[in-house]
Amino acid sequence: MSNAAFGGGAGYFIDTVVSLRKFYNFDSWGWGFNLLFAFSTQCLGFGLAGSVRRFLVEPAAMIWPAALVNVAFMYALHDQSPSDPAKTNGWSISRYRLFMIVCIAMFVYSWFPDFIFPALSYFAWITWIKPNNVVVNQLFGQVTGISLGFPFTGFTLDWAQINSFYGSPLIAPWHALANTLIGCIFFLWIVVPALHYTGTWYAEYVPILQNGILDNTGTTYNTSAILRPDHTVDPQQYEAYSPLFLSTSFALAYGLSFASITALFSHTWLFHGSEIWARLKASHGELDDIHMKIMRKYKTVPTWWYLSLLAIMVAFAFASACGYDTGMAWYSVLLSLVIAGFWTIPIGMVQAFTNIQLGLNVFTEFIIGYLQPGHPVAMMMFKTFGYIVMTQALYFCQDLKLGHYMHVPQRSLFFAQLVATLWSCLCQLATVEWALGAIDNICTPAASNFFTCAYIKTFYNASVIWGAVGPKHLFSSGAIYQDLQYFWLIGFFVPIIAYLIARAFPKSMARKFNSPLFFNALAYVPPYSAFNILAWCMVGYGFNKYIRDKFRGWWMQYNYVLSAALDVGLALCSLAIFFFVQLPGGNMSSWWGVSVIDSTLDAQQAAIRKTVADGEIFGPKEWKW
């Protein structure tokens, strides 16, 4: 139930609600808007999932690795019999006992990197030696640096940092990890420094990696300076203020997002087109595996259930967007839902194979930025409808696959997920209302207990980039970042080249190259840092390639149980720290293991090579709306 409600950890609609309240200084439109927006964005995916079951759930090839972890976890809780040492490389401990031991150990250990000794989370020891050297902090920093040489020049011993990128690294197949690692190293360690230290995009005046948006004085972009009271852009105020600047990695990440979308299209067509066509032609039940044959003994969920829910939630979506003064046109709502439906199958196939979901966030931002320029609220809603509707559909498919593996009746699963989602919407909205009123300085750098809303700040920055300023003034001809448009073409043609190489050399590693994953390596950079991705890839590759090949029996018996135990132990520790220490106002006493992190330019987000004097600016001398 919890997976269906918010498989990604939190409802995306919260980002819009908080951005309006805290960054646009607008008190939203009350509970009516919030409920309509929340229910529609979270539940529209059910209708989509029901229509793509035969492609993303029923085929045996659609394994959904995250579902396997939940299967292993539930089996471990109910099966306490010892393992056969002959099959598990000499281990006889039961999966239940291993789970309990690792879970308790992780609960105890996580107190150190997450509270007592935070330096274990960001062990960038080179920056501690040269805390005020800009280049050292840019290259080797772990907060706003690119972690060059990781893990030898710095590392992390915090599971929260390792699994923060795409969840547990023990889940993804080794080839998915390898593609992401290669992409990360190539783009972050080669391309980004080449761009940054040649002054591309005025790089000497901006950080090498940061999720902030800057004006031409190097300070945070003041959106209030260009917005009218109705939250649309005033062209004259924009021309009097400043164009918008991004960190080098942030800008490149947008270009790579363009490439990942077009790469996904050509990659799916070349590598999976025949499989999709076979499913379209297959008769009902013709390609069933053993699990599907068992599931067909239960009453299926009629298609009209999904279509009815879809119709109701489409009405909610139009009501939230057009019934309030959001500035979002009806055709924008319709287009966003079409985008979500179109990309569900190709992105779902990648996720079902690799446990990595390619986001539509940048693609939807790009479309609405041209469709309704100067409307940041409409941009946030379009992005949520176009991106999260698809995301919820895929999480629902993932849980349908879990029910598929566990042989749970389909109708029971449908109602459990629907009720959980509706209830979770209410709970999250209530929690946000409480947090915004109860936590001092929330969503600011001065917030207590690190409630700085880093991810929501990135969401807000995107609304300014794509909704307020718009892609025309960033990526079109004559704009600062116009060259990033070439990534659309690069992304489309690279899978074609990879396909031809794989056909010419069918036994080579070229057949494992996945262009969408390669370009998607920086999808969450920022707000995540380079070391989050690198640690995730390296730990995952160690388990899912080295250990899987060398100790296959152990890996098959314990790998997914170990993953679940580490995650549960960390989650319990995080809850304990928050409720029993941070919420009552407690803090760790200041000592070297706490203060050393904050002593560097990297942590202070101040590793910038050049600054301008008062009254001066950098960048173009003239800019037009």
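Cβ atoms are placed via backbone N, Cα and C, with glycine included.
The model shown is predicted, which means the values in this text are computed figures rather than measured ones.
TrEMBL lists 29-49 (among others) with the feature transmembrane segment. Long-range contacts of the transmembrane segment (29-49) within its own chain (CB-CB distance under 8 A, at least 6 residues past either end) are made by residues 5-6, 11-13, 16-17, 56-57, 306-307, 309-311, 313-314, 316-317, 319-320, 323-325, 337, 340-341, 344, 381, 384-385, 388-397, 400, 414, 417-418, 421-422, 424-426, 428-429.
Here the transmembrane segment (61-77) has long-range neighbours at 3, 55, 94-96, 98-99, 167-168, 170-173, 275, 349, 351-355, 397-399, 401-402, 405-406, 560-561, 563-564, meaning same-chain residues at least 6 beyond its ends whose C-beta is under 8 angstroms from one of its own. Taken from TrEMBL, the feature transmembrane segment covers 61-77 (among others).
Annotation comment: TrEMBL describes 98-127 (among others) as transmembrane segment. Residues 73, 76-77, 136-137, 140-143, 145, 147, 153-161, 531, 558, 561-562, 564-566, 568-570, 572-574, 576-577, 581, 588, 592-594, 596-597, 600-603 of the same chain sit 6 or more residues outside the transmembrane segment (98-127) yet have a Cβ under 8 Å from a Cβ within it.
Residues 106, 110, 113-114, 120-127, 188-189, 192-193, 207-210, 247, 249, 529-531, 534-535, 538, 566, 570, 574, 600-603, 605, 607 of the same chain, all 6+ positions outside the transmembrane segment (139-160), place their C-beta atoms under 8 angstroms from a C-beta of that stretch. Annotated transmembrane segment per TrEMBL: 139-160 (among others), in sequence order.
What TrEMBL records for 172-192 (among others) is transmembrane segment.
Feature annotation from TrEMBL assigns transmembrane segment to 251-271 (among others).
According to TrEMBL, the feature transmembrane segment maps to 303-321 (among others).
Residues or ranges marked as transmembrane segment in TrEMBL: 327-345 (among others).
Residues or ranges marked as transmembrane segment in TrEMBL: 377-397 (among others).
Within the same chain, residues 255-256, 258-263, 265-267, 270-271, 511, 513, 515-516, 518-519 sit at least 6 positions outside the transmembrane segment (486-505) and bring their C-beta atoms closer than 8 Å to a C-beta of that stretch. Taken from TrEMBL, the feature transmembrane segment covers 486-505 (among others).
Under the heading transmembrane segment, TrEMBL lists 517-541 (among others). Sequence-distant neighbours of the transmembrane segment (517-541) (same chain, 6+ residues past either end, Cβ-Cβ under 8 Å): 122, 142-147, 150-151, 154-156, 161-166, 169-172, 174, 176-185, 187-188, 209-211, 247, 249-250, 252-253, 256-257, 259-260, 263, 350, 354, 356, 358-359, 454-455, 457-458, 487, 491, 494.
Here TrEMBL flags 561-581 (among others) as transmembrane segment.
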Other parts of the chain folded back onto the transmembrane segment (327-345), taken as Cβ under 8 Å at six or more residues beyond its ends: 44, 48, 52, 55-56, 230-232, 264, 276, 314, 317-318, 321, 360, 363-364, 367-368, 371-372, 375, 377-378, 381-383, 385-387, 389-390, 393-394
Intrachain residues whose Cβ lies under 8 Å of the transmembrane segment (303-321), provided they are six or more past its termini: 33, 36-37, 39-41, 43-44, 46-51, 328, 330, 332-333, 337, 378, 381, 385, 414, 418
Beyond the flanks of the transmembrane segment (172-192) by 6 or more, those residues with Cβ under 8 Å of it: 65, 146-148, 166, 208-209, 248-249, 252, 256, 353-356, 512-514, 517-522, 525, 530, 533-534, 536-538, 540-541, 544-545, 548
